[in-house]
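Undergrad: One structure follows; several queries about it will come next.
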Amino acid sequence: MRTFGNLVVRGLLVGLFAGLLAGAFAYVTGEPHIDAAIAIEEAGGAAHTHGDSHDTSTEAAPADEEEPLVSRSGQRAGLFLATALYGVALGGIFAVGFTLLRRRLRTTNDSYAALGLAAAGFVGIVLVPFLKYPPNPPAVGDPETITKRTVSYLLTLVIGLLAIWAGVAASRWAARFGEAPWIRLGVGGAALLATVVAAYLVLPAINEVPGSFPATLLWQFRFASLGTQAVLWTLIGFGYAALVDRRVPSKSESEVVAA
Amino acid sequence: MPAPARSVAVPAVSPRLLATALLTVGLLLTLAYLVAFDQGAVSRSGMFLHELMHDGRHLLGVPCH
Ligand SMILES: [Zn+2]
C-alpha cells in the first residue's frame with residue numbers, strides 16, 4: 001500500500017521528467033515552424049497582428065513595435081519552463097486520478113491501470129480538443145476572440161473526458177449481453193464517438209487562419225503540437241506505470257490496513 | 001464489483017483522502033492555469049510569464065492570441 005502523498009509525489013516527478021522531454025521534442029519539431037510563422041507575420045503576410053508584446057491596441061503596426069517583454073531566445077528557453085510546469089501539473093492530477101479511480105478499474109495490474117488511464121487522458125484531453133480546435137502557431141488568430149476560443153477549448157476538454165466516461169459506462173453495460181470483446185469495445189466506442197460528434201456539432205466553429213497563411217506550415221506546426229502532447233502523455237503513462245508497479249507484493253501490504 | 005485488493009497500490013478512498021485529493025487538484029489546476037491560460041491577471045507579473053511561456057502555450061495546443 002502506498003500513501004496518497006507518495007502516489008502524488010511520484011506523479012509530480014514523472015510529470016516533470018515527461019514535461020522536460022516533451023519540451024525537447026517541441027523545441028526540435030515546433031520551434032522552426034513558430035519562427036517561420038513569426039517571419040510571415042513580420043513580413044505583413046498575416047491578416048491579424050500578433051505583436052510579441054501582446055499590445056492591447058489592435059492598431060499596433062508590426063513595423064514599429066516596442067521592445068518585446070521576452071526576446072525570442074528567452075521564449076525558446078521559456079518553452080521548457082512551460083512544458084515542465086505543465087507536465088508537473090498534469091502528472092500530479094494524473095496521480096490523483098489514478099488514486100481515486102484505481103479500485104474501479106477492472107485490472108489487477110497497476111501498470112496496465114496507469115497505461116489505460118494515460119491513454120484515456122490523451123484521447124479525452126488532447127485528441128478530442130485537437131480534432132475540433134486544432135492549435136495555431138503565433139501570428140494566427142484574432143486577439144478579440146481569445147475568451148470565446150478559450151471557453152470552447154475547455155468545453156471540448158471536459159466533453160472529451162465525459163466521452164471517455166460514456167464509453168466506459170456503455171461498454172460495462174454491454175458486457176451483460178456477452179463476453180465477446182467486440183461487443184464491449186463496439187458499444188463503448190460507439191458511445192464515445194456519439195458523445196464527441198454531438199458535441200462537435202453543437203460547439204461553435206472557429207476558423208481564423210488567414211487564407212494567405214501557408215497550409216503546409218500550419219499543419220507541420222499542428223502535428224508538432226500534437227506530437228509534443230503525445231510525448232507528454234506517453235511518458236506520463238509509462239513513467240507512472242513503471243513507478244507504481246509492484247511486481248513483488250510486500251508482506252506489509254496486508255498488515256498496513258489502516259493507512 | 002470491487003477489484004481484488006491484492007496488488008492494488010492505492011489506499012481506499014475516504015472522505016479525508018477525497019478532501020486532500022480535491023485540494024491537490026485545485027493547486028495543480030492553478031499551476032496549469034498560470035502556464036496555459038493566464039493573461040497576467042493572476043500572475044501579477046504583467047505579461048512577462050505569458051510571454052516567457054508563449055511558445056510552450058502554442059505547442060501545448062492551448063488557444064492564444
Ligand atoms: Zn499570446
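Backbone N, Cα and C define each Cβ position, glycine as well.
Straight from TrEMBL, here's the annotation block:
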- A:7-28: transmembrane segment (TRANSMEM)
- A:77-100: transmembrane segment (TRANSMEM)
- A:112-131: transmembrane segment (TRANSMEM)
- A:151-170: transmembrane segment (TRANSMEM)
- A:182-203: transmembrane segment (TRANSMEM)
- A:223-243: transmembrane segment (TRANSMEM)
Undergrad: Let me spell it out: take the transmembrane segment (A:223-243), skip the flanking residues so only those 6+ beyond its ends count, and list any with a Cβ under 8 Å from a Cβ in it.
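TA: Same-chain contacts beyond the flanks: 10-11, 13-15, 17-19, 21-23, 25-26, 29-30, 33, 83, 86-87, 90-91, 94-95, 98, 110-112, 114-115, 117-119, 121-122, 126, 130, 135.
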Undergrad: I'm a bit unsure how to read this: which one of A:7-28, A:112-131, A:151-170, A:182-203 has the highest number of Cβ pairs shorter than 8 Å with the transmembrane segment (A:77-100)?
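TA: Looking only at A:7-28, A:112-131, A:151-170, A:182-203, the most contacts with the transmembrane segment (A:77-100) come from A:7-28.
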Undergrad: Applying the under-8 angstroms CB criterion, which one of A:7-28, A:112-131, A:151-170 scores highest with the transmembrane segment (A:182-203)?
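TA: Comparing A:7-28, A:112-131, A:151-170 against the transmembrane segment (A:182-203), the winner is A:151-170.
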